[in-house]
Amino acid sequence: MKDFLEEIKRNNPNIPKITKYIYLGILGLIGLLIINSIIKNPLILAQILVLIISVSLHELAHGYIAYKFGDPTAKIAGRITLNPIKHIDLLGLLVPVLLIFSGAPFVIGWAKPIPVSYKILKDNKKAYFSVAIAGILTNLILVFLVATIIKFVSLNIVLANIMFYMIQINLILAIFNLIPIPPLDGSKILESFLDYRGKLYLQNIEKYGFIIIIVLLYTGMLERLMMPIYNLFLIIIKIYIN
């Protein structure tokens, strides 16, 4: 926890004191809720850990592929690492935790975006697409690996529930990130096929992207958009497992 708070402090050197106290208050309240909920249902801890691991691997994949295409930015920033503390975004962790507590039908979360200098990537168009889709493919590979474990390994009910949640959260992360709203991966995938003007248009609306996503989430539009695709994937996975 100390390392996590130090990481936040380093990444937000000019944060006002009152904001720090608000963050600490929110963290304290959520900490109490987490402890209370874990006592009642220990699987919640597993859900939070699975989420942290999944979003961290998602971002790590972006950085690793960018590095392979000649961009050392993520490596220099210390982001090509399995250490989740380097990847955790405070808001991206708080939102899914609150969704878990509220009993939401699906949970979304995110990590800090990996810094990528697209202009210095080798084979720019191919690299742009590869870096953009790397996180989504990582989540889908995790879904396949976990489904394969369920298929061939006999698991007790607790492990089976954790494995199913890993499938669920990685499917949701993959589908969510396919949405072409900046800064989601879908917008970067789309950018890889656009000319300069098209890229500039998407980049200009990025500052409104988070607001758009929150509105879609609050109005239920995000769920209506994602659930049909999610359910289709679940059917395919169940057929594969059985």
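Glycine is treated like the rest: Cβ placed from N, Cα and C.
Automated prediction, rather than curation, is the source of TrEMBL annotations.
The annotation domain 'Peptidase M50' is assigned in TrEMBL to 157-217. Taking H, G and I as helix, E and B as strand and the rest as coil, DSSP gives the domain 'Peptidase M50' (157-217) the counts 50 helix, 0 strand, 11 coil.
For 21-39 (among others), the entry in TrEMBL reads transmembrane segment. Within the chain carrying the transmembrane segment (21-39), a Cβ under 8 angstroms from the stretch's Cβ atoms is held by residues 8, 45, 48, 90, 94, 97-98, 101, all 6 or more beyond its ends.
The feature transmembrane segment is assigned by TrEMBL to 45-67 (among others).
Marked as transmembrane segment by TrEMBL: 88-108 (among others). Remote same-chain residues near the transmembrane segment (88-108) are listed as 4, 7-8, 23, 26, 30, 33-34, 37, 44, 47-48, 51-52, 55-56, 168-169, 172-173, 176, 217, 222-223, 226-227, 230 (criterion: CB distance under 8 Å, separation of at least six residues from the stretch ends).
Using a Cβ-Cβ cut-off under 8 Å and counting only residues 6 or more beyond its ends in the same chain, the transmembrane segment (128-150) has close neighbours at 54, 57-62, 64-66, 69, 71, 116, 118, 121, 160, 163-164, 166-167, 170-171, 173-174, 177-178, 185, 188-189, 191-193, 233, 237, 240-241. Look at TrEMBL and you will find 128-150 (among others) tagged as transmembrane segment.
Cβ atoms under 8 Å from those of the transmembrane segment (162-181) belong to residues 43, 46-47, 50-51, 54-55, 58, 106-109, 135-136, 139-140, 142-143, 146-147, 149-150, 155, 187, 189-190, 202, 209, 212-213, 222, 225-226, 229-230, 233-234, 237 of the same chain, restricted to positions at least 6 beyond its ends. Taken from TrEMBL, the feature transmembrane segment applies to 162-181 (among others).
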